[in-house]
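A short worksheet on the structure shown next.
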């Protein structure tokens, strides 16, 4: 190490040689999370990705706070304070939107840091909730050998005659209704159907299924 406390090029080279294997594993894990960690592909990797995203917020905020406390000069200190405020406001807005979505859907998927759009499908006496990346005008449902897939998510066994008449897509501000449109059976246990959006408003899910299965939303006063 040099007299002024910095490391030399040779020392940096030796450090990289010693940590190359660890760095390679870190980049491999990052690649796997970015390429394969999707909710409709690998649920285990997706949960790890969500935990990683949750941890990034407090770690990032702590870095900017420490940079402000142990500032190099007043310019970097001011930048660190500004960035800490921005990150804090972004983190707060995430919690506000998540709790609003949770109040609407009562699903823990509301705290997903990747998206605040949730698909809600009433099936077999309960509401199955899955995350969506965007809200579409038409949502397709495909049944292959008795297994239902909707918007890329596997929802379990279902016959085409048992498809719900209505599904919803919830955000922190709105709830969109989708009505079952055209459907077609293929063979004995396969088929496909399309749900068309026909209404959008400030609603919340009705989790009481003692009545009709079609009544799955209540107006938020």
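Glycine is no exception: its Cβ is also placed from the backbone N, Cα and C atoms.
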Taking residue 44 first and then residue 126, would you say Swiss-Prot puts both of them on the same side of the membrane?
yes
Stated Swiss-Prot location of transmembrane segment, expressed as one of 50-70, 113-133:
50-70
Rounded mean pLDDT for the residues that make up the topological domain 'Intravirion' (40-49):
80
Report, as numbers and ranges, every residue of the chain located at least six residues beyond the topological domain 'Intravirion' (40-49) whose Cβ falls under 8 Å of a Cβ in that stretch; write 'none' if there are none.
32-33, 114, 130, 151-154
